[in-house]
């Protein structure tokens with residue numbers, strides 16, 4: 001039976017403790033100072049941690065850079081599904097740190113989790129790495145070097161973005177510039193980041209002997225939850241008005257838990273309350289790899305001096321981070337301080353939210369402009385039709401509806417492409433159209449069936465001294481998802497094999513055979529190798545640009561030999577990808593003010609026993625943010641520009657709420673959390689609970 005009962009006297013019973021009962025502790029040997037970097041106050045162990053983080057982030061962001069396009073192009077999922085799976089994966093990566101933090105603080109310690117779990121198992125490893133590595137770096141500093149520790153978090157974030165910068169630039173090149181099995185080389189794009197994980201493990205292990213490794217302090221996560229639960233249940237059990245109220249609701253756990261633990265949980269819950277609005281910021285920031293990349297595939301990546309792939313645009317974020325961190329630390333923050341403005345951590349985070357709002361407003365404006373330049377899409381009971389005249393003379397084409405009314409009249413010269421698709425309305429979802437063709441003195445009638453929401457090409461061809469026609473279904477989408485696609489019509493009497501690249505070739509049948517669309521890399525194709533059963537020749541396809549769908553007609557010109565007549569089924573992307581620069585600059589400035597500051601704030605406000613727990617809680621807000629994107633992508637049903645506006649407005653509202661919460665938050669100082677005058681008596685035998693007493697002169 002416990003010594004404390006609910007209805008007993010409120011006097012606390014203390015067991016007499018004699019000085020002789022407590023054996024004197026042997027004097028602690030003087031702590032050997034850890035080696036420093038070049039005579040500074042920065043521990044040498046920080047170098048190994050930062051290099052490890054660089055390699056690990058190279059692996060993580062390199063893989064994520066190509067992930068959305070892997071879903072879209074390789075697995076052929078649609079944009080909403082690709083976005084949802086992308087953010088589901090990101091969310092899982094930021095949920096697992098809770099597990100990693102629990103193991104780190106209660107069992108293995110940060111060092112062993114980081115090396116054994118985090119870097120060995122990539123799937124669960126991110127849960128071991130993320131909550132530990134930032135806090136583990138902070139543990140390397142002594143309290144008297146708090147200023148250097150604050151600066152460390154900026155260096156730490158720089159290493160993250162240096163790894164992200166290089167991997168985001170290189171990995172898309174490994175994907176797009178190298179061919180594997182006739183397609184983009186995703187195997188290499190994922191394999192190189194995997195190799196960097198091995199290097200990260202080796203580098204981290206090299207510094208093992210010089211790390212400051214704070215020992216784990218028991219199952220701290222379980223203790224926190226039990227302490228909170230006991231405080232709540234104890235408060236409800238003692239609702240009588242005769243029982244005096246306590247200063248804080250967690251003080252109701254004092255009958256069972258040590259004062260220091262209660263103080264630590266108080267500090268933890270105060271910060272966790274501030275974390276409630278934060279997921280919305282991450283919901284915006286993490287869309288750089290999904291929605292913004294999908295926006296980039298409908299833009300032109302030719303910058304004149306360099307050609308960017310859509311997934312390479314993400315390189316702007318880490319590049320700007322490397323520029324903005326020293327700019328903010330050494331210039332902007334100091335100027336603000338000289339102006340007498342108290343630019344606290346929470347105020348920096350609020351300004352970061354506002355900058356992210358502006359970034360998404362700019363993204364919405366860019367999306368609207370892209371839509372204006374994009375070809376229209378046929379709607380219900382509509383089709384788009386173009387006429388390709390491959391005969392040797394002009395042909396007059398009349399499209400007749402079911403009621404013998406003329407829907408379209410055009411005179412098409414030989415090898416003249418109509419300037420644009422013509423829209424035809426249907427009576428039902430599918431319909432037969434009658435075509436009246438006039439060629440020389442011939443008048444021909446033919447019939448073709450079409451289905452709604454599709455694009456068609458009516459190809460007129462020579463047939464001896466007469467002509468005939470065939471209906472070809474064009475690409476089904478108004479865009480090609482940023483890819484360059486080609487197809488061929490072969491007017492020769494022999495089949496042709498066309499080698500578009502080392503691993504990509506296609507066959508086109510004789511006598512007006514039509515090939516399927518084939519995806520190629522954007523670029524110049526001055527000499528594409530072709531062959532028939534008895535002849536080799538080359539075709540000049542010219543520039544194949546971003547987002548365009550091309551039709552090539554292979555003809556035999558008496559004077560010039562075999563040639564390819566080129567037309568565009570879908571025009572190339574016209575809006576430059578450089579228009580994404582303002583939104584990337586705004587969101588990155590917001591990230592520097594929000595994320596870097598938040599990392600340092602989380603560490604400084606966390607009790608010493610809960611550094612990893614609070615880091616994991618910080619990462620948990622990122623996980624929730626990705627879930628928000630997943631839900632909106634699946635269920636909003638909004639067009640893309642409206643979705644961007646929705647996110648911008650939501651974050652603006654959240655920013656106002658966070659600003660009010662931050663106004664009433666009083667930052668906790670280190671000495672306030674330590675409780676230097678407290679000492680815990682060791683566990684007492686039997687059912688007696690742990691008690692805390694003030695230091696008393698005996």
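From the backbone N, Cα and C atoms, a Cβ is placed for every residue, glycine too.
Here's what TrEMBL has on this protein:
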- 1-35: region 'Disordered' (REGION)
- 58-78: transmembrane segment (TRANSMEM)
- 84-104: transmembrane segment (TRANSMEM)
- 116-136: transmembrane segment (TRANSMEM)
- 156-174: transmembrane segment (TRANSMEM)
- 186-206: transmembrane segment (TRANSMEM)
- 315-336: transmembrane segment (TRANSMEM)
- 348-366: transmembrane segment (TRANSMEM)
- 616-638: transmembrane segment (TRANSMEM)
- 644-666: transmembrane segment (TRANSMEM)
Same-chain residues near the transmembrane segment (616-638), Cβ under 8 Å, at least 6 residues beyond its ends: 80, 83-84, 87-88, 90-95, 97-98, 100-101, 130-131, 271-272, 275, 278-287, 290-291, 598-599, 602, 646-647
Selection from 58-78, 156-174, 315-336, 644-666, the stretch that has most Cβ pairs under 8 A to the transmembrane segment (348-366): 644-666
Candidate ranges 58-78, 156-174, 644-666 - greatest C-beta contact count to the transmembrane segment (315-336) (under 8 angstroms): 156-174
